[in-house]
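> This is the feature table in Swiss-Prot:
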{"type": "TRANSMEM", "residues": "28-48", "note": "transmembrane segment"}
{"type": "TRANSMEM", "residues": "76-96", "note": "transmembrane segment"}
{"type": "TRANSMEM", "residues": "100-120", "note": "transmembrane segment"}
{"type": "TRANSMEM", "residues": "135-155", "note": "transmembrane segment"}
{"type": "TRANSMEM", "residues": "179-199", "note": "transmembrane segment"}
{"type": "TRANSMEM", "residues": "211-231", "note": "transmembrane segment"}
{"type": "TRANSMEM", "residues": "252-272", "note": "transmembrane segment"}
{"type": "TRANSMEM", "residues": "279-299", "note": "transmembrane segment"}
{"type": "TRANSMEM", "residues": "307-327", "note": "transmembrane segment"}
{"type": "TRANSMEM", "residues": "353-373", "note": "transmembrane segment"}
Amino acid sequence: MIYELFYPLKFHYGWLSWLNVLRYIPFRTIMATITAMVLTFVLAPWFIRELRRKQIGQVVRAEGPETHKIKAGTPTMGGALILLSLLLPTVLWADLRNPFVLATTAVTAGYGVIGYLDDFLKIKRRNSGGLPGRYKLIGQVLIGGAAVAYTFLLASKLPPDWAEIRTRLAIPFVAFSKYPIELPLYVYIPFAVFVVVATSNAVNLTDGLDGLAIGPVIINAGTYLILAYIVGASIASFSLATYLDIPAIASAGELSVYCGSVIGAGIGFLWYNTYPAQVFMGDVGSLALGGGLGMLAVFTKNELLSIILGGIFFIETVSVITQVLSFKLTGKRVFLMAPIHHHYEKKGWAEPKIIVRFWIISILLALVSLASMKLR
């Protein structure tokens with residue numbers, strides 16, 4: 001919004017030539033990060049007090065770890081604050097004419113609404129049931145599908161590079177120009193929606209300990225910021241993406257501003273969500289943030305790399321699937337409890353140890369993901 005409103009003024013008033021800085025994505029990304037962080041820090045104390053006053057507290061599962069019983073009543077739905085602190089800076093600093101930005105923010109907001117309904121029902125009923133899974137999944141598929149289809153229908157209005165590679169998959173550590181996976185449009189769109197929905201639910205499953213989910217979300221957003229900028233960056237006629245032999249998508253660079261907003265809001269929230277947490281994000285936060293990460297993977301053509309980058313989320317999801325299948329087929333459990341972070345709790349690991357070690361793994365996976373751009 002600021003870009004569209006103020007940048008044109010420099011052409012009419014010479015003394016406003018300094019507004020030229022708004023052209024640059026790195027500047028607007030930094031400003032979005034700072035704005036999101038400041039918003040979260042300023043609003044969080046009041047927001048947490050209001051959650052306490054309205055008795056919007058965490059409902060703990062009866063079959064959960066014993067150590068979680070003390071968490072009952074801790075303010076939840078803090079993800080609503082993350083959404084506000086994420087979406088407002090994105091609207092302020094990003095180029096809202098960019099379809100990728102519009103689609104990503106729409107999914108973030110839409111998944112946030114689904115998460116809000118889920119949290120609301122949990123609190124109202126005083127149990128961990130929430131919104132029935134089938135309704136949640138239908139909502140995610142419809143919103144994700146609409147956003148993905150929107151960008152594909154507009155392919156002719158986007159730079160030619162997007163129309164050319166939109167249904168191709170980049171294989172990590174493999175030169176994109178030589179060995180892309182070409183999918184038919186009717187196959188790719190459902191696959192892209194699956195990536196978005198799966199990432200959203202994976203982040204939701206990871207959000208079981210204080211700061212466990214938001215840490216990797218920040219790390220993933222920081223990595224996507226770099227990837228989006230490189231994919232969309234072009235200096236004169238030199239394209240860094242072409243040099244690295246990864247997909248080049250000029251419009252994707254604007255997603256860096258969105259990533260900056262996620263990082264800023266995430267850091268601000270982590271200040272209050274770190275162990276012992278003063279507030280939980282709830283499904284309103286985890287589903288929204290996961291949906292946003294899924295859209296980033298699709299629009300930067302890192303659908304397959306997201307398995308490595310979001311390895312923590314992937315492992316958490318696989319642990320749940322493995323546990324359910326094993327119990328149904330054999331009557332035995334592979335883990336003491338799923339998702340896997342609860343398994344380590346049951347083994348006696350201290351909560352901060354689990355959290356920090358998962359963060360470390362997430363950082364290492366982010367470094368591997370970035371290295372994949374050059375190691376081809």
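From the backbone N, Cα and C atoms, a Cβ is placed for every residue, glycine too.
Given the structure is predicted, the values throughout are model-derived calculations rather than measurements.
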> Are the transmembrane segment (307-327) and the transmembrane segment (211-231) close enough that 3 or more Cβ pairs fall under 8 Å, when only pairs 6 or more apart in sequence count?
yes
> Can you find at least 3 Cβ pairs under 8 Å between the transmembrane segment (179-199) and the transmembrane segment (252-272), where each pair is 6 or more residues apart in sequence?
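No, the transmembrane segment (179-199) does not contact the transmembrane segment (252-272).
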> Residue list, the transmembrane segment (279-299) vs rest of chain: Cβ under 8 Å, 6 or more residues beyond ends.
44, 47-48, 51, 58, 71, 74-83, 86, 100, 103-104, 107-112, 114-116, 118-119, 130, 140, 143-144, 147-148, 151, 192, 195-204, 206-207, 210, 213-214, 217, 220-221, 224, 228, 249, 252, 255, 258-259, 262, 266, 269, 272-273, 305-306, 309-310, 313
> With an 8 Å cut-off on Cβ pairs and a sequence gap of 6 or more, do the transmembrane segment (100-120) and the transmembrane segment (252-272) reach 3 or more such pairs?
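Yes, the stretches contact each other.
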> Do the transmembrane segment (76-96) and the transmembrane segment (252-272) come together with 3 or more C-beta pairs under 8 Å, pairs six or more apart in sequence?
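They are in contact.
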> Which range wins on Cβ pairs under 8 Å with the transmembrane segment (252-272): 28-48, 135-155, 307-327?
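The stretch with the most contacts is 28-48.
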> Please give the sequence-distant neighbours of the transmembrane segment (135-155): residues at least 6 beyond its ends with Cβ less than 8 Å from one of its Cβ atoms.
99-100, 102-104, 106-107, 110-111, 114, 118, 162-163, 166, 185, 189, 192-193, 196-197, 200-201, 287, 291, 294-295, 298-299
> Quick test of the contact rule: Cβ under 8 Å, at least six residues beyond the ends. What residues does that give for the transmembrane segment (28-48)?
2-3, 22, 75, 78, 80-82, 84-86, 88-90, 92-94, 225, 229, 256-265, 267-269, 271-272, 278-279
